[in-house]
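In what follows, a structure is listed as structure tokens, so that the remarks can point back to it.
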Amino acid sequence: MRRLAPMLLAALAVMVAACEKKTQPAPSGEGGTQAAQGQGAAPGGAPADANTILLGQVGSLTGGQATFGISTRNGIELALKEANAAGGVKGKKLSIRVYDNQSKPEEAAQAATRLITQDKVALILGDVASSNSLAMAEKAQAAGVPMITPSSTNPTVTEKGDYIFRVCFIDPFQGFVMAKFARENLKLNTVAVLQDNKSAYSIGLADVFRRKFTEMGGKVTAVESYSQGDTDYRAQLTAIRKSQPEGIYVPGYYSEVGIIARQAREVGLKVPLMGGDGWDSEKLFELGGSAIEGSYFSNHYSPDNPDPRVQKFIADYKAAYGAVPDALAALGYDSARVAVGALERAKDLSGPSVRDAIAQTKDFPGVAGTVTLDAQRNAVKSAVVLKVEDGKTQYVTTINP
Amino acid sequence: MAQLLQHLINGLAAGTIYALVALGYTMVYGVLKLINFAHGDVMMVGVYMGYATAFALGRDMRSSLLGVAVVFAVAMLGCALLGFFIERFAYRPLREKPRLTALITAIGISFALSYGFQLDIGFLPGAAPRAFPEVIEPVEWLVIGDRDVVVWNWQVISFGIAVALMVGLQYLVFRTRFGQAMRAVSWDHRVAALMGIPTDRVIALTFMLSSALAAGAGLLYAIKDTSVSPLMGLYVGLKAFVAAVIGGIGHVQGAVVGGLVLGLVEEFVVGYAASTWRDAVAFGFLILVLLVKPGGLFGRVAAEKV
């Protein structure tokens, strides 16, 4: 009997090791070719062989924002699969190594360092959450490795330096979009704000929203805050209720927003909630239930868009992953395609030439809008406003910059 | 004034749950001098058991009285079993080893559970938080003024269940033969063994009991916050541990008082200051208590060689 215990522990250790492998160093194979799979299993991250171009992704595959990272990974995978089917880049196949950052900035920084120093990737994609991208951008900029974030909207991310790009719009724009929508479309006069004080993204959206909404003649009745990972928001919501707003701006992530919606209804707040692209996840409807119905959020793309390019992407994505792609999958897909386009145009695969090629991206037909990068390396594009209805999103309007 | 009353009610609702989880820490510490850092994660596993049971029962069944009883029973029995296995295979083999070894193992088990449950294979639930089904259909029981103070049925029920569990535990520890055996083992397990007390069995039962309590508390927590996630155990577990230390770890009443105090302190900080201050104030309060009364509010200071 005494021997049983160590055996069990050993089994547990093996199990844990196995899951590590699943979520961490294993690259998600491109197109499922044998070469890439075999290379992926190599310990310690051997550098890419001469016939493949290795890209890196850092994403939140576990932790509070897990669906973000997984959707992004799927989108990137799909784009690379297509690029490889079309013959790859410069006669070479593309392969990607994916690391999990557990939704934590410090893990993201480590993973980025690993991609740069050990795996020697040509380019880094990631992450969704701005706090994580900021941590990664520092490393990428210092090492001179280009990085494209698919969906980090905080302005400071690309301010880290000339190697950092994004294929989405920035927070001030999202705050502006919602302020405009609340004032002009919903005709609200008073709004309360509930922001996540641990997230640069949430604070960024909330600040611009407040400024714009007041500029447009509205009144912000209360500003309350919570911290990522909280699960009880009743104290803040009670205070908001006392200020009697006609709407509440909650620019947080779906994992918290769903619960906030339930508790808002519970403390007697019946007014619509509004938010940003951090809401975009199937999980929002499960967590929010009927409480989230009738709420609005700004987003990068709507699956209702009839554009054949978008519909083809949705069909391909459905076939591969059995779900309708959210905006993060679409932006992941776009970021990988912008990367592929740049690698094709680049003179060679060195950091500076790839950087210059990305910077020249103009009128790139992405599924989440046309990508043109401005001098600050940000994409300039319009945003859509979606309404939650019957457990799914409904396209309401498009708001241009 | 009305707001104060509302915060008081909310704080008590949160505090009783901390208290229940803290009781688990205190019992195991009392008997084994082991801080069972996996306790919060056992609680999380219990919540997922309740989650699965509630779904299996279906919408109508789970909000009936019988349904609620079944959800609690399955989760608590399931966790008791988990507690038994953890004690049997992770802690018992290390019982005569230095105490630090068991502590490290406890942290290992804690991480194995909380990260294992983030995998998305087979029956494992995946990393994203989930909505906990409405086991108790929320109804407003008492509304004062223009919703200035609202008391919900789940707050009262959860308070009632928590108090019943605490009273039951108090009775068990101080009025039954098993409780007497527990206290004897806690005093000195070698001497207790010499007196004919089956120490292994008493310790195993203590673990099962504390794990079942954790599952019950976890369900109340999930009902309160309407969500469940694999990392909830780390968070609630740490808070309950703080509550146990504030009250004086190893002390049953201390755990209850510590839990209530912590729940109220947190609620008032969030209500009157900002939520970002909450953890800082909670842990600051812990440091303050330890500075003024190193054994906790109810504990005695015993010189111990570490």
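Just so you know, glycine gets a Cβ as well, placed from its N, Cα and C.
Since this is a predicted model, take the numbers as computed values, not measurements.
Residues annotated as transmembrane segment in TrEMBL: B:12-32 (among others).
Long-range contacts of the transmembrane segment (B:64-86) within the same chain, counting only residues at least 6 positions beyond its ends with a Cβ under 8 Å from a Cβ of the stretch, are 38, 42-43, 45-47, 49-50, 53-54, 57, 109, 135-136, 161, 204, 207-216, 218-219. If you look up TrEMBL, you'll see B:64-86 (among others) marked as transmembrane segment.
The transmembrane segment annotation in TrEMBL covers B:98-117 (among others).
Taken from TrEMBL, the feature transmembrane segment covers B:152-174 (among others).
According to TrEMBL, the transmembrane segment annotation covers B:202-223 (among others).
Per TrEMBL, the feature transmembrane segment maps to B:229-249 (among others).
Feature annotation from TrEMBL assigns transmembrane segment to B:256-274 (among others).
The feature transmembrane segment is assigned by TrEMBL to B:280-303 (among others).
Residues 17-19, 21-26, 29, 35, 37, 39-45, 47, 110, 113-115, 117-118, 125, 127-130, 217-218, 221-222, 255-259, 261-262, 282-283, 285-286, 289-290, 295-300 of the same chain lie 6+ residues outside the transmembrane segment (B:229-249) yet bring a C-beta within less than 8 angstroms of a C-beta in it.
With a cut-off of 8 Å on Cβ pairs spaced 6 or more residues apart, the transmembrane segment (B:12-32) and the transmembrane segment (B:152-174) reach 3 or more such pairs and are scored as touching. In this chain, the transmembrane segment (B:280-303) touches the transmembrane segment (B:256-274); three or more CB pairs sit within less than 8 A of each other, excluding pairs fewer than 6 residues apart. Within its own chain, the transmembrane segment (B:152-174) has Cβ neighbours under 8 Å at 9-10, 12-13, 16-17, 19-20, 23, 27, 72, 136-141, 182-183, 209, 213, 216-217, 220, 223-224, 252, 256, counting only residues six or more beyond its boundaries.
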